[in-house]
Amino acid sequence: MKTSRRNFIKAGGVLLVGLTIWPAVKTFAGGNNDLKIAPGADADKKWGLVIDMKKCWPRYQEGCRQCFAACQKAHNIPAIPNKEEEIKWIWTEPFVNAFPEQENEYITAGIKDKPFIVLCNHCENPPCVRVCPTKATFKRQDGIVMMDYHRCIGCRYCMAACPYGARSFNFCDPRPYIKEPNADFPTREKGVVEKCNFCVERIDRGETPACVAACPGGALIFGDLNDPGSEVRRILAERYTIRRKPELGTHPSVFYLI
Amino acid sequence: MLVKAITGSKKYWAWLIFLLLIIGSGFSCYLWQLNKGLTITGLSRDVSWGLYISQFTFLVGVAASAVMVVLPYYLHNVKDFGRITVLGEFLAVAALIMCLLFVIVDVGKPMRILNMIFYPTPRSMFFWDMIALNGYLLLNIIAGWHALEAEYKDVPPPAWTKILVYISIPWAVSIHTVTAFLYAGLPGRHYWLTAIMAARFLASAFASGPALLILLCYIIRRFSRFDPGREAIQKLAAIVTYATIVSAFFIGLEFFTAFYSQVPAHGIYTLKYLFVGLEGHGRLVPFMWTFVLLIIAALVILLNSSTRRKDGLLQLACAAVFIAMWIEKGIGLVIGGFIPNPFERVVEYVPTLPEIMIALGVWAVGLLVLTLLYKIAVSVKEKAA
C-alpha cells in the first residue's frame with residue numbers, strides 16, 4: 001500500500017490520540033492506587049491531634065509561639081510579608097472565625113475572642129484529595145493528607161475545596177523569605193500549593209510532630225485514634241471535644257478541648 | 001479553503017493586526033507571570049480563583065451557541081438554522097480554545113499540566129472537564145469543517161459527520177454540567193453548594209451563546225454578502241428569550257432558599273456581599289445591579305414581539321443579555337463563591353493590570369480564531385449564494 005502524506009498524518013494523529021487516552025484506559029482498567037502506603041506508614045494507625053486550649057491560652061498570652069516557630073523551622077515555611085499571599089501551616093484564629101457556625105450571641109466571654117490554634121484537619125473524608133486532578137494531594141492509610149510538591153500543577157482547586165482555609169499557594173518564589181533554611185526538609189518553588197503535613201517525616205521515624213514536641217504546656221496531644229489505649233482516645237472518651245465544621249462531613253482528625 | 005483566511009480587505013487585515021497586537025501584549029504579560037508567578041495577579045489565599053477562571057466559566061457557556069443551532073436543525077428539522085450551524089460550531093471552537101487557554105494561564109505550574117493526563121484522576125471534576133471540553137472542541141472542529149468543505153465542493157457532507165453531530169448534542173450538555181460540577185460539589189463554599197448549579201449553567205449558557213451568535217450574524221450581514229437569514233435570527237432570539245427568563249428564575253430560586261430558610265450555609269452572606277455589600281465591602285455591588293438592570297431591559301425588549309422583531313432593539317437586547325451573563329457568571333459566581341472566606345471574613349479581589357492584559361490577550365486569541373474561521377465560512381457561503 002502506498003502511504004500518502006495525508007494518510008501518514010492521519011495515522012500520526014490517531015497514534016497521538018491513542019497515547020493521550022491510554023493512561024485513562026489504564027486507570028479504569030487497573031486498580032486504585034490512591035491509598036498506597038508510603039514507606040513507614042502504618043495502615044492500622046490513624047493519627048489525630050487533640051488541642052487543649054485551656055492549657056495553651058495562659059502561655060499564649062505570655063507570648064508563647066513555640067509550636068509555630070518549631071513548625072516554621074522544620075518545614076522551611078517562608079515569612080511572606082504580604083498577608084494575602086501568606087504561607088500558613090499552623091496559626092491562630094479567634095473562636096468565631098475558627099468555629100463560625102458555633103458562635104452565639106451569649107457565648108462565654110472567655111471564649112468568644114480567644115485565639116484557637118488551627119491547622120490542616122487531616123480529614124477522614126478530605127475534599128482536597130477528592131478534587132485534586134493529579135493526585136498531588138493524597139491521603140495515606142494512616143490518615144495523613146499529603147502534598148506532592150513535584151506533582152502539583154498549581155490549579156488551586158484544593159484551596160477552593162478546603163472548608164478550613166488550611167491551604168496556601170506559593171504565589172511567588174518562597175526561597176528568599178526563608179530566614180534559616182533547614183537542609184533536612186525541601187523548600188518549595190513558586191506555583192505549588194502546600195499545607196501542614198502532620199510532620200509525616202517525624203512520624204515515620206516514630207517521633208511526634210514538631211509542634212507537639214515544642215509545646216511547653218502540653219496543650220497538643222498527638223496519637224493513634226485507632227488505638228483505644230492511646231492518650232488521645234482516653235481524652236476523647238472522657239471529655240467533651242469539638243471539631244471544626246463537623247456538619248460538612250469531612251471528619252477532621254483535630255479535636256479541641258475548651 | 002484555508003487560503004480564504006489570508007485574502008481580505010484592508011479593514012480585515014487591520015482587524016487581524018489589531019488582535020495580534022493585543023495578543024502580543026497579553027503574551028508579554030504572561031511571560032512576566034511565568035517569571036514572577038501568580039503574585040502579579042490580584043489573587044490571594046482567600047480568593048484563589050479570579051479573572052482567569054471566571055472567564056473560563058463564562059466562555060464554556062458561550063460554546064453553547066453551537067448546540068442551540070445544531071439541536072433544532074438536526075433533531076427538529078428547523079431548516080432556517082441550516083445556513084448558520086457552521087457559524088455556531090465555529091463560535092464554540094473559538095470559545096473552547098479560550099476556555100483551555102484560560103486554564104493554562106491560571107495554573108501555577110503550566111509546564112506540568114500534562115500531569116492531568118499522566119496521572120488521570122477520575123474522581124476529580126477537572127479530569128472530566130478536560131475530557132468534556134477537549135472532546136467538544138474536537139467534535140465541533142471536525143463536524144464544522146467537514147460540513148463547510150462539503151458546501152465548498154458542492155457535495156453533501158460525509159454521512160459519518162452526522163453521527164458526530166448527534167454525539168455533540170448531549171456532549172454540549174455535558175460541558176456545562178461538568179463545569180458546574182467543578183463548583184457544585186465543594187463542601188465549604190456555600191454559594192456554590194447548590195443542586196441547581198448545573199441547571200443555572202445550562203440556562204445562562206443557552207442565553208449568552210445564542211445572544212452572541214445573533215450579534216455575530218448581524219456583523220456578518222453588514223460586512224459580507226452572506227445573509228444568515230432573518231428567520232434564523234428571530235428563532236435564535238426566541239431561544240435567548242426563554243433561556244434568559246429561565247436563567248433569571250433560577251437565580252431567584254437561590255434567593256428564596258437562602259433568605260426564606262435563613263440558613264447561613266445556603267449562601268446568604270455571599271448574596272448579601274454581591275447585591276448590597278457585606279461588612280462595608282461591596283466592590284461587586286454595582287456590577288450585580290448592572291446585571292439586574294440589563295436583564296430587565298433585555299427581557300422588556302425580548303418578551304414583546306414587536307420590539308424583538310426590530311433589528312436595532314434586538315441587537316441591544318442581545319448585547320444586554322451577553323453582558324449581563326458575563327457579569328453574573330464571569331464575575332459574580334466565581335469570585336462571590338470565595339467571599340466570605342472559610343473564616344467568614346470578607347477579603348475582596350480586584351484583578352491587576354497585567355492580569356487584565358493576559359485575559360484580554362486570551363480573548364483576542366479567541367477573536368482571532370473566530371475571525372479566521374468565520375472569514376473562511378463566510379467566503380464559502382458567499383460563493384454558494
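Backbone N, Cα and C atoms are what each Cβ position is placed from, and that goes for glycine too.
TrEMBL labels come from automatic prediction, so no person has curated them.
The transmembrane segment annotation in TrEMBL covers B:12-33, B:53-74, B:86-105, B:125-143, B:163-185, B:191-218, B:239-263, B:283-304, B:316-336, B:356-374.
Outside the transmembrane segment (B:356-374), and at least 6 residues removed from its termini, the chain residues within Cβ reach (under 8 Å) are 5, 12, 15-16, 19-20, 22-27, 29-30, 33, 51-52, 55, 59, 87, 90-91, 93-95, 97-98, 101-102, 105, 144, 216, 220.
Same-chain residues lying 6 or more positions outside the transmembrane segment (B:239-263) and placing a CB less than 8 Å from one of its CB atoms are 68, 194, 196, 199-200, 203-207, 210-211, 214, 271, 295, 298-299, 302-303, 308, 317-318, 321, 325, 328. Taking every recorded stretch in B:53-74, B:125-143, B:163-185 and counting its Cβ pairs under 8 Å to the transmembrane segment (B:316-336), the highest total belongs to B:53-74. In this chain, the transmembrane segment (B:12-33) lies out of contact with the transmembrane segment (B:53-74); the count of Cβ pairs under 8 Å, excluding pairs fewer than 6 apart in sequence, is fewer than 3.
Comparison of B:12-33, B:125-143, B:191-218 by number of C-beta pairs under 8 angstroms to the transmembrane segment (B:163-185) places B:125-143 first. Through the fold, the transmembrane segment (B:12-33) approaches residues 40-41, 105, 354-355, 357-365, 367-368, 371, 375 of its own chain, all at least 6 residues removed from its boundaries and within a Cβ separation under 8 Å.
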